[in-house]
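A.B. asks: Residues annotated as compositional bias 'Acidic residues' in Swiss-Prot: 736-745. Look at Swiss-Prot and you will find 763-775 tagged as compositional bias 'Pro residues'. Taken from Swiss-Prot, the feature disulfide bond covers Cys104-Cys115, Cys133-Cys142, Cys270-Cys377, Cys294-Cys337, Cys508-Cys525, Cys517-Cys534, Cys584-Cys632, and the record attributes it to similarity to another entry. Swiss-Prot lists Asn55, Asn111, Asn126, Asn388, Asn542, Asn598 with the feature N-linked glycosylation site. Per Swiss-Prot, the feature topological domain 'Extracellular' maps to 18-675; the stated evidence is sequence analysis. Per Swiss-Prot, the feature topological domain 'Cytoplasmic' maps to 697-838; the stated evidence is sequence analysis. Here Swiss-Prot flags 676-696 as transmembrane segment.
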Amino acid sequence: MWGRLWPLLLSILTATAVPGPSLRRPSRELDATPRMTIPYEELSGTRHFKGQAQNYSTLLLEEASARLLVGARGALFSLSANDIGDGAHKEIHWEASPEMQSKCHQKGKNNQTECFNHVRFLQRLNSTHLYACGTHAFQPLCAAIDAEAFTLPTSFEEGKEKCPYDPARGFTGLIIDGGLYTATRYEFRSIPDIRRSRHPHSLRTEETPMHWLNDAEFVFSVLVRESKASAVGDDDKVYYFFTERATEEGSGSFTQSRSSHRVARVARVCKGDLGGKKILQKKWTSFLKARLICHIPLYETLRGVCSLDAETSSRTHFYAAFTLSTQWKTLEASAICRYDLAEIQAVFAGPYMEYQDGSRRWGRYEGGVPEPRPGSCITDSLRSQGYNSSQDLPSLVLDFVKLHPLMARPVVPTRGRPLLLKRNIRYTHLTGTPVTTPAGPTYDLLFLGTADGWIHKAVVLGSGMHIIEETQVFRESQSVENLVISLLQHSLYVGAPSGVIQLPLSSCSRYRSCYDCILARDPYCGWDPGTHACAAATTIANRTALIQDIERGNRGCESSRDTGPPPPLKTRSVLRGDDVLLPCDQPSNLARALWLLNGSMGLSDGQGGYRVGVDGLLVTDAQPEHSGNYGCYAEENGLRTLLASYSLTVRPATPAPAPKAPATPGAQLAPDVRLLYVLAIAALGGLCLILASSLLYVACLREGRRGRRRKYSLGRASRAGGSAVQLQTVSGQCPGEEDEGDDEGAGGLEGSCLQIIPGEGAPAPPPPPPPPPPAELTNGLVALPSRLRRMNGNSYVLLRQSNNGVPAGPCSFAEELSRILEKRKHTQLVEQLDESSV
């Protein structure tokens with residue numbers, strides 16, 4: 001649902017959120033599309049550094065020594081600013097001890113991410129030493145590091161007043177004239193504060209009877225030299241940018257607000273502040289804060305801030321990146337706003353807010369303001385009145401400062417509106433630099449880091465921004481944590497969880513023609529007519545000869561012949577009725593594809609079988625009128641560039657053969673089909689013949705085997721004996737009695753085969769068991785057992801023998817049985833038993 005409502009919601013809020021006619025600008029005009037997309041595989045001129053540590057989020061560039069100092073988790077690195085990946089780097093291992101990690105884990109902290117020494121602060125302390133602070137497993141420590149030897153000292157300083165305990169908390173810090181100015185959440189209780197340490201007069205914000213800071217997350221701080229060329233002898237000031245809970249937008253007391261709405265703020269303190277003498281002792285006497293508005297009510301969370309021209313206060317301005325408020329958790333969008341220092345100064349010189357006890361709400365203070373003005377720095381005018389420092393200020397002024405830290409007016413962006421609203425993007429950090437072009441004008445060039453590892457390079461043009469390119473700087477998606485620009489090295493350094501990458505500030509060689517070079521509108525790039533190439537302005541001796549058009553991006557190449565070689569003519573031939581694709585890739589995301597037929601007829605999507613897509617032109621159901629010369633043009637910013645040229649020929653389709661007369665039913669089968677049928681029938685006949693022969697052969701073999709075996713018969717019992725089924729064993733002839741046996745076999749079936757005769761009549765009781773056989777037969781063999789043993793897998797059952805048909809003589813039964821048993825020893829097992837097993 002949100003995916004469908006989001007464009008409409010953004011458009012409505014963009015046009016109506018902030019009053020004023022200048023803010024009724026459609027969101028589609030503010031949502032700039034990057035002109036070029038450079039994936040990770042197409043990066044050129046980059047350098048990488050990755051050590052054994054993680055979270056390379058703290059960067060310090062020292063241009064004079066050409067060193068890039070990096071603070072990571074458990075380590076510090078000193079890299080060559082010229083090439084961070086040259087391998088000639090120095091490293092300091094600064095890990096938290098196992099005992100400290102164990103204590104951190106026992107306090108309920110995560111031993112996978114939090115219980116380490118995350119280096120959060122790294123600045124130049126003096127000409128010989130650096131100053132670094134780390135979380136040290138929720139026991140912060142700081143150290144002065146020898147810059148030349150790049151080694152840790154033997155002793156450390158406690159860092160609980162200088163560094164956050166939690167590595168995930170916002171932090172910003174500066175070293176100014178030896179004093180350490182930091183803003184973060186201090187101590188284990190995570191108390192937000194702005195503090196000054198390593199100074200004869202340590203200061204912090206007020207906590208009672210009201211908090212000057214409410215659940216603040218700090219983003220950025222900067223020193224502005226307002227004392228330079230000041231006609232009133234003003235003091236230098238430190239500006240802090242952060243997001244906090246807004247107490248003025250809901251009912252609440254001094255100590256607790258009932259509102260959870262978070263807003264962006266800007267605060268300032270004077271560098272020469274010494275605190276109060278009796279009131280606000282060791283507290284800031286110059287602290288003031290104001291709301292920072294970019295685009296309400298959506299964009300309230302401050303993500304990144306950069307300052308330009310901070311050395312000259314009259315030209316100092318800031319760029320800030322905002323994301324959606326915390327209640328919009330399912331949407332991603334960012335806004336970029338610009339703020340002038342003069343506007344911030346005007347707000348701090350305006351009316352104050354006051355907590356009104358009667359209504360228990362914050363409102364505009366309407367009473368009188370004491371003198372000297374509360375929150376102001378000591379100037380020449382105040383010195384002439386005897387106020388040489390903040391400790392000389394009257395108690396009335398200090399009491400007013402204590403209760404009125406918030407200004408009534410908000411700080412609005414330049415021209416009252418954002419420069420950019422970007423959907424589906426979350427900016428995490430930004431930096432910028434002013435670039436003076438060969439023609440004279442100066443443009444602000446910004447580099448915006450995203451939460452998924454991309455860098456947007458943009459130039460500020462009046463009330464908007466033009467995104468020159470978007471570059472994927474990491475193969476894996478990860479957040480950009482820090483950005484630093486080196487003008488001497490012409491490089492951008494990117495800090496991220498996995499490492500540091502060095503990018504060139506410009507990639508002018510990507511643009512191959514004059515039009516492509518000026519359409520990019522990169523302040524660093526211009527077309528050189530002498531070398532017929534797009535070159536960086538910093539590398540050209542005669543910079544005035546370069547062709548540039550940053551404002552409009554379409555002028556300067558009219559008289560130049562460096563429009564690039566025309567594309568070769570490609571031929572395509574297709575049959576009538578077929579489809580054909582004419583490829584054409586647009587190099588710019590801002591270009592519109594334009595197709596012309598025979599140089600004049602423009603083709604649109606859906607017209608006469610044409611389909612215009614991002615990858616080319618599709619001609620469907622080609623007809624003879626589709627033949628001709630096709631040109632693919634890129635139309636961008638009023639310029640037209642030929643990208644591809646085709647000559648298409650549509651050939652007539654081959655006529656189909658005339659259908660034959662229908663064949664008769666008897667002749668409808670093709671000759672080859674008949675032949676297959678005949679062969680199949682012949683094969684089946686042959687198989688049947690082979691099968692019949694095999695069966696006949698097997699039958700003959702079995703008949704022969706039966707003739708050689710002894711014959712068994714199943715005789716019918718005497719009718720007088722009853723109708724029960726009886727089995728009789730008829731012994732075969734003994735050797736020497738073949739003739740007699742044959743005669744008997746010819747005379748009746750009872751003596752030659754085994755018969756099963758079903759019983760008839762009523763069932764009769766079983767006959768009495770036969771008398772036991774004698775101990776020894778007449779042939780000298782002992783009586784057979786009542787059950788024969790299993791031999792060679794065949795079972796033999798001794799059947800009751802009748803007195804009839806028992807052959808006399810010593811060899812009638814015993815010899816026959818011995819011969820059968822001897823034969824069975826050498827008989828192969830069969831799967832199915834036959835009558836020979838009985």
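Each Cβ is built from the backbone N, Cα and C atoms, and glycine gets one as well.
So that I understand the layout, could you describe where these features sit and how close they are to other parts?
C.D. replies: When Cβ atoms from all protein chains are considered, those within 10 Å of Cys104 (disulfide bond) total 22, not counting its own.
For the recorded site, Cys142 (disulfide bond), the DSSP three-state label reads strand.
The Cβ neighbour count for Cys377 (disulfide bond), using a 10 Å radius over every protein chain in view, is 24.
Sequence-distant neighbours of Cys337 (disulfide bond): residues of the same chain at least 6 apart with a C-beta under 8 Å from its C-beta are Cys294, His295, Tyr319, Ala320, Phe322, Pro413, Thr414, Pro418, Leu419.
Cys508 (disulfide bond) falls within a helix when secondary structure is assigned with DSSP. Around Cys508 (disulfide bond), a 10 Å sphere centred on its CB holds 20 further CB atoms from the protein chains shown.
Annotation for Cys534 (disulfide bond): spatial neighbours Cys508, Ser509, Arg510, Tyr511, Arg512, Cys514, Asp516, Cys517, Ala520, Cys525, Gly526, Trp527, Asp528, criterion Cβ-Cβ under 8 Å with sequence separation of six or more.
Cys584 (disulfide bond) carries neither a helix nor a strand DSSP state and counts as coil. The Cβ of Cys584 (disulfide bond) has 24 neighbouring Cβ atoms from other residues within 10 Å, across all protein chains displayed.
The C-beta environment of Asn55 (N-linked glycosylation site), restricted to residues of the same chain at least 6 apart in sequence and closer than 8 Å, consists of Ala72, Arg73, His118, Pro167, Glu481, Pro497.
The Cβ of Asn111 (N-linked glycosylation site) has 13 other Cβ atoms within 10 Å, all protein chains considered.
Remark: Asn126 (N-linked glycosylation site) has Gly178 as non-local neighbours, by Cβ distance under 8 Å and separation of at least 6 in sequence.
In this structure, Asn388 (N-linked glycosylation site) belongs to neither helix nor strand by DSSP; it is coil.
For the recorded site, Asn542 (N-linked glycosylation site), the DSSP three-state label reads coil.
Taking the Cβ of Asn598 (N-linked glycosylation site) as reference, residues of its chain lying under 8 Å away and at least six apart in sequence are, in sequence order, Gly628, Asn629. In three-state terms derived from DSSP, Asn598 (N-linked glycosylation site) belongs to neither a helical nor a strand segment and is classed as coil.
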A.B. asks: Limited to the topological domain 'Extracellular' (18-675), I'd like the whole-number average of pLDDT.
C.D. replies: 90
A.B. asks: Out of Cys142, Cys517, Cys632, which of the disulfide-bonded residues is least crowded by other Cβ atoms within 10 Å?
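C.D. replies: Across Cys142, Cys517, Cys632, these disulfide-bonded residues, the one with fewest Cβ atoms within 10 Å is Cys142.
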A.B. asks: What three-state class does DSSP give Cys270 (disulfide bond)?
C.D. replies: strand
A.B. asks: Hey, what's the Cβ neighbour count for Cys115 (disulfide bond) at 10 Å?
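C.D. replies: Counting Cβ neighbours of Cys115 (disulfide bond) within 10 Å gives 22.
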A.B. asks: Quiz question: given the disulfide-bonded residues Cys133, Cys270, Cys294, Cys525, which has the greatest number of C-beta atoms lying within 10 angstroms of its own C-beta?
C.D. replies: Cys133
